[in-house]
Every structure is written in C-alpha cells, then in structure tokens.
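Quick notes on the structure that follows.
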Amino acid sequence: MRPDGALASGTGTGRLAEPTRAESVGAVAILIGQVRDRRRRRTAAVLLGASVLVFAAAIASLLLGAAGLTVADVFAVLVGQGSPKAEFVVMRLRLPRVLAAVIAGSALGLGGALFQSTLRNPLASPDILGVTGGASLAAVGSMLLLGLEGPAVALAAFTGALVVAGLMWALAWRGGLTGIRFVLVGIGLASIVSGLLGWLITRAEVREASEALVWMVGGIASTGWSELGTSGGALVVLLTATAVFSPRMPLLALSDDSARSLGLDATRARATAVLLGVALVAVATALAGPIAFVALVAAPIARALIGHGQAALAASALVGVVIVLVADLVAQHAFAGFAVPVGIVTGLIGAPYLLWLIARGNRKGSDG
Amino acid sequence: MSRVATDSQHPAALMSRTRTGRRLPPATTLALAVGLLAVVAVASLAIGTRQMPLDLVLGAFTSLVPGDADQLVVRELRLPRAVVGIMAGAALGVVAALLQGATRNPLADPGLLGINAGASLAVVAAIAFLGVASPFGFIWFAFAGAALAAAVVFAIGSTGASGASPAKLALTGAAVTAATTPLVTLLLIRDDGTLLQFRFWSVGSLSGRGLESAAVLWPFLIAGLVLAAWLAGRLNLLALGDDVARGLGVRLGTTRVVTAIAVIVLAGTATSLAGPIALLGLAVAHAARGLVGGDYRWVTPLAAVLGAVVLLAADVIGRVVVAPAELEAGIVAAIVGAPVLIALVRRTKGGGL
C-alpha cells in the first residue's frame, strides 16, 4: 500500500531541479521544497499514527471479552503455544473478527476515497449513492435465492454494485457529471435497493433475526477463515491495482475541461477509479455487509489529517480500518448486556457527520 | 425570495410547467379517480392468495354466514388492509402536495425529507422504552418525531446564501433518515419479539394492522384533511411568490404554521398506520398536478384520492407478483416512486436544483 508514497516521490523530485536559476527563483524553489518536505513528513506521521492506532485497537480487540485472556495467553496462541481454550477464543472468535475489520475497513475507506475524488464531491460516497446497497442486495439475493457461497457471493456483490453504479452513471450523465444530480439519482436508486433488500430479508427463513440485521446494517461477528481468505486475496489484488493507478489520481481533481485543455483524457481515469471503488466496496460488503458511512467519513478525515488537497489514499484506507476496529470494540462492549452489529455504531457516528457536512456546505454557499 | 420566484429556473416554474392542451375538467378527473379508487378497493378485497369472485366479496358484507372462512378473510384480513391503505395513502398524497406547494419544492415528500423516519423512530422508542402499546398512545410520539425531524431538516437545509434549495432539503432528509435508521435498529435488536414485528412495519406494510388502529386514528386524518382544505387556496397564492401572496392578503406566518401542523399530523398518522413509506407522495402529487394543473384546490383532493389508489394498488400488486408470498406496499411504492424522483432530477438542469 504505497499510493501516497508513489505520489509524493513523483512530485518531490522537482524540488532539486532548479538550483542554478536566479536567486529569487531559487528561494521559491527552496520554499516549495520545504513545504513538500513538511507535507511528506506530515503524511508519514499520519500513516504512522494511524498504524499505531490500528495495532492498539487490534490488541484491545483480542484481549477484551468474557474469556478473560491475558497478553501472555494471546501471545502464546499467536506463536502456536496456547491452551486449547485460548486457542479457540483467539483463532476462532477474535482474530477473524479483527482481520474482517481490517479488510472491510481498508476496502471501504479506499473505495470511498476513490469515489469522492472521482466525483469531486464529499457526499458522493458509495453508501449514499446506493452502490453499497446494490452489493448488499446482490450478495443477499445470491445467498438466499440461488444458494451461492464463498467467492460466488463476492462476485455477485461486485455485479450488484456495478449495476447500480452503471445505472447511476447512465441516469445522471447529461453532457457532464454534476455532483448533486449524481447524489440525488443515487438516493432514488438507494431507496429501490433498500426496499428490495428489506423484502428479501422479511421473506427469508432467517434462523436468527440478528443474522438478517448484519445484512441491513453490517457486522463482522462470526466470520470464517475461508471467507477471510477470499476477500483478503481480492483485497490484495485491488490494493495493488490502486497503487499502480494512483499516479493518475491528480488528474481526477481537474474538471473535464481543464483536463482536455492539457491534452489529457480524464474519462478513462475516472472510469478506472470508479471501477476500482466499486470492486473494493463489493469486497467489503460481501464480507461484512453494508457497514454504514465508513466509506463516507474515512477519506475526509484522512484528508483533514494530512492537510492538503490530494486524495489521501493510503491514509483513507488506514483511517477506515481504525474506524471499523474502534466501532466494533464499542459495539461489543459499550452496550451493557448485548452486542450490536458494528454498522449501528458507525451509523451513529456517520449520520451526524453527514448532517454537519451539509450544514457546512450551506454556509460556504456551495450546493452541497 | 420574490426575486428567486420570478426566475424561470426556479422550481416553482418547473412545477407549474404543465401541458394545458387536452386536459379533462378537474371535476371529471377527480370523479374518475374516485371511480378508480372504488375499483382498486374491490380488487384489494377480492385478490390475494385466495381469489374470490365478486359476489362472494359482496356477500361477506350483505349476507353474513358465521364461521365461513372466505367471508372471514374478507372481513377480518382484507377489509382492514383496504381501510388502512386508503387512510395512509390519502394522508401521504396530501402531505406531499402541501409540502410541494408551501415550499415550492418539486422534491418535497415526507419520506424523502426524513419526516416519516422521525415519526417511526419516535414510535419505536415509545414502544421500547415506555411500553406504549395502543395506537392512541404512540400517535403523539409519531407527531413529536415528525415535528422534530421536519425542524432539523428545514433548519439545516435552509442555512446558507441560497436558502432552502430542493436538493439541499432532499440531501438533509436523506441524512436524517440515515441517522434514524441505526437508532431504530438499535432499539429493535434489544428484543426479538419487537424485531419480528417491526421488520415488516419498517418497510411499510399494510398487513397486520387491525381496524382498531384505523378506528383510533381517523380523527387525526380528518383534522389533517380539514387543515389541508383550508390551506389549498392560500397555496395557490403562495405559488406566485411570497411578496405577491402577502400583497394579496395571505398571512405568511399563519399559513406556514398551519402547513407545518397539517404535515406533521398527516405524516404522523400515515406512519403510525403503515410504517415509513417513502416516495409515494412525491409521485402522486406530481401526477395530480399534471392532471389538473396548478390549482391546489383540485390538486390536494386529487392527491388524496390518487395516494389511496396507488398505495392500495401497490398492496395488491405486492400480493400478486410474488404469490404466495407478498411484497410490502411500501417497497412497491418506493419502486414506483424512485423513477419519478430520478426523472425529476434529470429533467432539471444543475442550476435549477
């Protein structure tokens, strides 16, 4: 995962280019170089800080719980020397949960960042646009109606997300993309999708109602190792693809006209970014259901931390992981007596943020 | 505000842009709609897992046979559904017409603006925390929830230089709906029994509503409709812009307050009856305006009748397409209403939103 590193080193080489020019120019170059250095240091600090948080939350998630394990117990299990009981708790219950949070969180954070950068609108996150819902609907449908399992479900989720994204693109495109029209068409599609999802769930012979809830709000309890393998593999492929693609990200920040006047074709870059975003969201949804708002909030937080306008891809993915891990800790332990799906906690954080985003956009006088 | 209202890009201009060519007289249209409602109502009594000939449906009311299974199905199961559907559908249609008229906002719909979501959160909370069980108990919570959600949506949606634009209000409504969803879920998972019951209610269903809800809630529906009737003429003047309306003697403050009360009462009643049903009112109010033009004295009653027609039809369709299971009316309504929303968004240029 080094998209930002690639970006930063690509731009950083310009710093050394003009030492021989006139003094004033040289001073400016040095100034720019200092700014870039500072940015790079800040990016590195954010990535390091987020990684430390991920590690701490993962440790907490492994330690906390009814089984009362100590650090030594958990460590013993991880090196293969644990007692059977600790082995069961860690390897069957807690570690899969942590890994699911890592996979889902990074996929959603990165997917959200790709969507928001491509559509140049902080509201254009896959959950608001109905893309997550499409993935969820297709995943649930393929399991309940067709009896599919494993990679086939992930593939169905990808198809569902792609269909919704394609529909939205086709319906919202009118000689160009206006962010706000995109969002409103997405709200319409999301309402159809959530209606159908609700129907599938009310119809299904769910043994436990909470199982159905996972597919409505998203949850990472009871994830199996084979599912983790599938989605982990898919995630690695997609992360590599995004890293390869990331040098073209700055192109997406330009408007279509500016890009054209520079002789660049932004359309293909946009399509690639959205496709990657769709695939990432589908991986996360097939694994953990539609965890609300992680895709919406991760990228803006990452951008605010790093503090410059670029799409902070690596940081967005890490922030996504932090959010899901911490929200899952809260969901498991904060509500006395019963554990709630992680999506409820992220929803409780994300929805007020969304309202704030709209209110702030209003004050600035922009349309959203 | 008046400056904006005269702008041809303004939503009000979009809303009143209707074909004036071959249009039936409003009274005829309304009569036809009522006839259609009668047909749909009979269909909703006759069609279902067990198909019934018309004479049997009629016989269930005229010649009672105690213990007859078919008659029981008609009287005990299907009649309450039809009554609830007519009441909730009429309320939703009128709410959307009032909201669209009073705010000159083509995207106004109680579901889209988060008002139904607020009402349903309050109802679920009242049931979960306070053990309120009767419709007469939780209707007040529905009103409070609807009022709170409407206040939040309009407070956040109207900040900023350009005032309350339709897109901003719709976005804020979506955000409020998104904010209530996890809370409702959180309340529901505490108790499996409640969850099983509200799984169906939360997608908007007419089944399982006894006549007792309808029997308790009808006065609220009537009150809301009376307010709507009082408002209709004033909404016509409001469509001309705030300044013109004021010049013609409309008290803007009073009109807005009465609109708010009517919207809250009707949305709360509809949600208590049938759950949070979105986008039905949006589609119905636009259809009504397309059929009879911009006169709210005709639009409002027609929206009421069409709302009932669409919700009942959605219920019947939901029973037929996936028989022997059924598709909840709210889901069918969303599937019918969302294309209308998308069409409206597409037809408006970016600047108009």
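Glycine residues also receive a Cβ, built from the backbone N, Cα and C atoms like all the rest.
Feature list (source: TrEMBL):
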- B:1-20: region 'Disordered' (REGION)
- B:24-47: transmembrane segment (TRANSMEM)
- B:82-99: transmembrane segment (TRANSMEM)
- B:111-132: transmembrane segment (TRANSMEM)
- B:138-157: transmembrane segment (TRANSMEM)
- B:169-189: transmembrane segment (TRANSMEM)
- B:216-236: transmembrane segment (TRANSMEM)
- B:299-321: transmembrane segment (TRANSMEM)
- B:327-345: transmembrane segment (TRANSMEM)
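Only residues 6 or more beyond the boundaries of the transmembrane segment (B:216-236), in the same chain, are considered here, and those with a CB under 8 A from a CB of the stretch are 87, 90-91, 94, 97-98, 101-102, 134-136, 139, 245, 250, 255, 258-259, 261-262, 265-266, 268-269, 272-273, 294-297, 299-300, 304. Stretch with the largest number of CB pairs closer than 8 A to the transmembrane segment (B:82-99), among B:24-47, B:138-157, B:169-189: B:24-47. Of the candidate ranges B:138-157, B:169-189, B:299-321, B:299-321 has the most C-beta pairs within less than 8 angstroms of the transmembrane segment (B:24-47). Same-chain neighbours of the transmembrane segment (B:169-189): 103, 105, 107-108, 111-115, 117-118, 120-121, 124-125, 128-129, 149, 152-154, 156-158, 195, 198-199, 202, counting only residues six or more beyond its ends whose CB sits under 8 Å from a CB of the stretch.
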